[in-house]
Amino acid sequence: ETLTVVTSDHSHVLTFGGLSTPLGNPILGTDTKVSDMDGLPYSTLLYGNGPGYAAPRSIPANTTSVNSVHGSAAPRQWATHAGEDVPVYAQGPLANRLF
């Protein structure tokens, strides 16, 4: 048998927004509710930084396209790595000893 360990060395600034987005809402779509700050819809996928920054914020256009750009909080040409902990998965002999 083989011990297999899978992890990552970093996370990304991608997050899932929405307070009460209903089950089955498209992940590439927009939340069914609008922002309580500006009354505009927002995409379910949001970035901490990246090319999707806009001020003033506009209505997300075609968020279901493969090439769509989702909103971000800070302007950058590309999204960056983040600092969250990343999971470690292990399966095989002595996997229980890793944790």
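Start at 1 and count along the chain as shown; that gives each residue its number.
Cβ coordinates come from backbone N, Cα and C, glycine included.
Same-chain residues at least 6 positions away in sequence with a Cβ under 8 Å from that of Asp9 (Zn(2+) binding site) are, in sequence order, Val86. Residues or ranges marked as Zn(2+) binding site in TrEMBL: Asp9, His10, His81.
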**Q.** Shell of the Zn(2+) site beyond Asp9, His10, His81, same chain only (C-beta within 8 angstroms of their C-beta centre)
**A.** Ser8, Ser11, His12, Ala82, Val86
**Q.** DSSP-derived class (H/G/I helix, E/B strand, else coil) of His10 (Zn(2+) binding site)
**A.** coil
Q. If you skip the near sequence neighbours and keep only those at least six away, which residues in the chain come within under 8 angstroms of His10 (Zn(2+) binding site), Cβ to Cβ?
A. His81, Ala82, Val86
